[in-house]
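Q: Here it is, the structure, as structure tokens.
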Amino acid sequence: MKIAVLPGDGIGPEIVAEAIKVLAALELGLEMESAPVGGAAYEAAGHPLPEATLKLAQGADAILFGAVGDWKYDTLDRPLRPEQAILGLRKRLGLFANFRPAICYEQLVGASSLKPELVAGLDILIIRELTGDIYFGQPRGRRQATDGHFPGADEAFDTMRYSRPEVERIARVAFEAARKRSKRVTSVDKANVLETFQFWKDIVTEVHKDYPDVELQHMYVDNAAMQLVKAPKAFDVIVTGNMFGDILSDEASMLTGSIGMLPSASLNDKKQGLYEPSHGSAPDIAGKGVANPLATILSAAMMLRFSLGQPQAADRIEAAVKAVLAQGLRTPDIHSEGTTRVGTVQMGDAVVRALG
Ligand code: NAD
Ligand code: IPM
Ligand code: MN
């Protein structure tokens, strides 16, 4: 089993190092090879996703990814910006199905910004379509307006679009996932305003006919954002487009106590996967040794389960994470009175010890 390791920028290398430590401790004989990506690759090779890095990713059974991006690259031409690396990997590898589970561990109920009773026992799964929508739609760009409120003025535009097969396949992923859980899907759209999302809603409704055992509910995205903080446990599987999924998953991360707790898996139709925390490169805390590595460690567990056929090893990692939380160890993002504040490396070491 070959894993491409792409640490990236900011806290990326710090958190990926801890995940690798945990994987190594499991002694599964995994072969790992690293390559630069994002701003680090731009510095080293002049491009955020060099051909060699893409090749390594394409040839691997799975990819463990840290994060990319830094404010200092925000003025580069868009194709050279670090974020293009993760977007390019998703597109080039066809990683259309993004799983972002938001689970509130018992020990972190108090770390959530919501009242404990709202999040205790929370276990929802956000399924985000990852290779379509306004993220990738063409045309896009800048031009002079020929109509609208200010004809002749500079304007910028992006294109929101989805094709039938794109919506069908992500809908199937969601219904299949729901069958293994509580058999409830909420499809989140903006069909009241956007044609793209009326189309989305119609197709999800059609695909649902093949899954009569699963309950389907449609919800507008503005209401979904509100319901997520009002009564998050009312949801089970949420399926939505690329941009709404990006926003709602960051919102959902705070239900679990911290954005540093939310792992993710991005899969293609060959079950090849890229595994990364849902958060970014956190330039504000990079290099300080305080980043929470648990989202990345939990992403490694998802990798073992989804791409490497090692469900028991995945269970062991998840149990170890629960154990360190039960020991009271907390990185600053989830630290509170009565718990022990630890850094990134200490947290990783503790997970390794807890593997037993
Ligand atoms: P961010 O997720 O990097 O950080 C948001 C806030 O959460 C910050 O205060 C940060 O310190 C905190 N945070 C994030 N991860 C944490 C962790 N593991 N432990 C403790 N605290 C954590 O989002 P941002 O600040 O909006 O973006 C920073 C950069 O990351 C940007 O360049 C952005 O484009 C990029 N980004 C990359 C990815 C990715 O690589 N997939 C995802 C999101 C953002
Ligand atoms: C994420 C990030 C990315 C996204 C950015 C960095 C391109 O926010 O993985 O959630 O918007 O998908
Ligand atoms: Mn995001």
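Including glycine, each Cβ sits where the backbone N, Cα and C put it.
Straight out of TrEMBL:
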- ARG90, ARG100, ARG128, ASP222: substrate binding site (BINDING)
- ASP222, ASP246, ASP250: Mg(2+) binding site (BINDING)
- GLY280, SER281, ALA282, PRO283, ASP284, ILE285, ALA286, GLY287, LYS288, GLY289, VAL290, ALA291, ASN292: NAD(+) binding site (BINDING)
- 2-351: domain 'Isopropylmalate dehydrogenase-like' (DOMAIN)
- TYR135: site 'Important for catalysis' (SITE)
- LYS190: site 'Important for catalysis' (SITE)
Q: Within 10 angstroms of the C-beta of VAL290 (NAD(+) binding site), what count of other C-beta atoms is obtained when all protein chains are considered?
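A: Excluding its own Cβ, the number within 10 Å is 20.
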Q: Relative to the Cβ of ASP250 (Mg(2+) binding site), which residues of the same chain, six or more apart in sequence, are found under 8 Å away?
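A: Once residues fewer than 6 apart are set aside, ASP250 (Mg(2+) binding site) is near ILE259, SER278, HIS279.
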Q: If you measure C-alpha to C-alpha, which of ARG90, ARG128, LYS190, ALA286, LYS288, ASN292 (recorded positions) come within 10 angstroms of ASP246 (Mg(2+) binding site)?
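A: So the list reads ARG128.
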Q: Any of the binding-site residues ARG90, ASP246, ALA282, ASP284, ASN292 with a C-beta atom under 6 A from ligand 1? Give them in order, or none.
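A: Cβ under 6 Å from ligand 1: ALA282, ASP284, ASN292.
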Q: ARG90, TYR135, LYS190, ASP246, ALA282: which of these recorded positions put a Cβ within less than 6 Å of any ligand 3 atom?
A: ASP246
Q: Where the criterion is a Cβ under 6 Å from an atom of ligand 2, which of the binding-site residues ARG90, ASP222, ASP246 meet it?
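A: From ARG90, ASP222, ASP246, counting a Cβ under 6 Å from ligand 2 as near, the near ones are ASP246.
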Q: Using a 10 Å radius around its CB, how many other CB atoms surround ALA282 (NAD(+) binding site)?
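A: Its Cβ shell of radius 10 Å holds 23 other Cβ atoms.
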Q: Compare the Cα of ALA286 (NAD(+) binding site) against each of the recorded positions ARG90, TYR135, ASP222 and report the nearest.
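A: Comparing Cα positions, the closest of these recorded positions turns out to be ARG90.
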Q: How many neighbouring Cβ atoms, not counting its own, are there within 10 Å of the Cβ of ASN292 (NAD(+) binding site)?
A: 29
